[in-house]
Every structure is written in structure tokens, then in C-alpha cells.
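First the structure, in the form of C-alpha cells, and then the observations on it.
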């Protein structure tokens with residue numbers, strides 16, 4: 001079968017080649033020539049209309065038609081762009097919820113992490129607060145113990161004072177006088193020293209006064225002698 005198909009195809013090709021050789025023109029060339037003829041005739045028709053319009057004053061109408069033809073593709077392009085823009089805007093809101101979902105999913109772990117982080121510092125703060133309270137309790141207990149020791153020490157002192165008072169009461173008046181004298185010597189010595197200084201000053205002043213008196217007596221005697 002394959003051999004038959006190949007043979008038939010070769011025969012058909014040979015027939016086509018023979019026809020092309022006889023005509024001298026390929027079908028592609030024929031189509032191209034026909035298209036060029038149509039375009040040339042169309043252009044000639046347009047040029048003729050333009051010439052007639054110029055003669056009759058229909059040129060503005062032709063220009064308006066040409067502008068309308070030019071504006072129509074532009075309007076179509078704008079509409080296409082607007083359609084594409086709306087499609088993109090619709091796609092953007094459609095995709096935004098999807099983007100929000102991962103963001104929410106990302107926020108959830110972050111919130112969990114924050115919760116864990118807050119719980120850990122809170123536990124640490126609680127532990128530190130307990131240690132501080134224990135330290136304060138120990139410090140509070142230490143002053144109380146000191147206060148307890150203070151009255152305990154004061155009690156023996158107070159107990160010693162009445163004993164000393166009783167001993168002092170038991171002593172004789174002579175001992176009291178001796179104690180008062182022993183306490184007073186500094187003042188007495190100061191008074192005695194002041195008295196001695198005053199006496200010395202008086203003794204020094206007396207010779208000076210006597211010398212002055214003697215001089216006063218000698219002066220009248222000398223005056224009498226001179227007289």
C-alpha cells in the first residue's frame with residue numbers, strides 16, 4: 001500500500017510540474033498578480049472619487065469619512081485597553097483575598113510567637129518578684145530582730161541602773177562630799193588662778209602708785225628748795 005501511495009503521489013507531482021511548464025506561470029504568481037490588480041483598481045477608484053470630489057466640492061466629505069475610518073480603529077483600541085484595565089482590576093481584587101489569606105496566616109504565627117514571648121517574660125517577672133519579696137521579707141525580719149535585741153539589751157542596762165542607784169544611796173555622805181569635790185576641782189582651780197592673777201595685777205599696780213606718789217612728793221620739795 002505504501003509503495004502504491006508513493007507512486008501515485010509522484011505521478012500527481014509530475015502532472016502538476018508539466019502543467020506549470022506548459023503555462024510558464026505558477027499558481028502563487030497568479031494569485032499575487034490578481035491581488036495587485038485588485039489593489040490597483042481600488043486605488044484608482046479612490047483617486048477618481050477624490051478628483052470628482054475636488055471638482056464637485058465633496059472633498060470635505062471624503063476627508064470626514066477618512067477621519068471616521070481612522071477614528072474607528074483608535075476607538076476600538078481604547079475600548080480594548082479599557083477592557084484590559086478592567087480585567088486587570090478585576091484580577092487584582094480577585095488575587096488580593098488570596099494575598100490577604102497568607103498574610104493572615106503569617107500574622108497568626110506571629111501572634112502565637114508574641115503570646116509565647118509575653119508569657120516567658122511574665123513568668124520571669126513573676127520569679128523575680130518572688131525573689132524580691134523574699135529578700136524584702138528577710139530585710140524586714142532583720143530590723144525586727146535588731147529591734148528585739150535592742151529592748152533585750154536595754155533591759156539589762158535598766159536593771160543595772162537601779163542597782164547603781166541603790167549602791168549610791170548606800171554610800172555615806174562623806175563619800176558624796178568627796179565625789180562632789182572630785183567633780184569640782186576644775187572650776188575651783190580656774191577660780192583660784194583668776195584670783196592669783198588679780199592679786200598679781202594689784203601687787204604690780206601698788207609699786208607703781210607708790211613710785212608716783214614719791215615722785216609727787218619730791219617735786220614740791222625740790223620747788224621749795226629752789227624757792
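Here the Cβ of each residue, glycine as well, is placed from N, Cα and C on the backbone.
Swiss-Prot annotations:
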type: REGION; residues: 1-227; note: region 'Disordered'
type: LIPID; residues: 3; note: S-palmitoyl cysteine
type: LIPID; residues: 4; note: S-palmitoyl cysteine
type: COMPBIAS; residues: 9-32; note: compositional bias 'Basic and acidic residues'
type: DOMAIN; residues: 31-60; note: domain 'IQ'
type: MOD_RES; residues: 41; note: phosphoserine
type: COMPBIAS; residues: 54-84; note: compositional bias 'Basic and acidic residues'
type: COMPBIAS; residues: 85-97; note: compositional bias 'Low complexity'
type: MOD_RES; residues: 86; note: phosphoserine
type: MOD_RES; residues: 96; note: phosphoserine
type: COMPBIAS; residues: 98-127; note: compositional bias 'Basic and acidic residues'
type: COMPBIAS; residues: 128-139; note: compositional bias 'Low complexity'
type: MOD_RES; residues: 138; note: phosphothreonine
type: MOD_RES; residues: 142; note: phosphoserine
type: MOD_RES; residues: 144; note: phosphoserine
type: MOD_RES; residues: 145; note: phosphoserine
type: COMPBIAS; residues: 146-158; note: compositional bias 'Basic and acidic residues'
type: COMPBIAS; residues: 159-193; note: compositional bias 'Low complexity'
type: MOD_RES; residues: 172; note: phosphothreonine
type: MOD_RES; residues: 192; note: phosphoserine
type: MOD_RES; residues: 193; note: phosphoserine
type: COMPBIAS; residues: 202-215; note: compositional bias 'Basic and acidic residues'
type: COMPBIAS; residues: 216-227; note: compositional bias 'Acidic residues'
Cα distance (Å, whole number) from residue 193 (phosphoserine) to residue 41 (phosphoserine): 161
Packing count at residue 41 (phosphoserine) (other Cβ atoms within 10 Å of its Cβ): 10
Other CB atoms within 10 A, centred on residue 193 (phosphoserine): 10
Mean of pLDDT values spanning the domain 'IQ' (31-60): 80
Helix-strand-coil residue split for the compositional bias 'Basic and acidic residues' (202-215), DSSP-based: 14 helix, 0 strand, 0 coil
DSSP three-state assignment (helix, strand or coil) for residue 41 (phosphoserine): helix
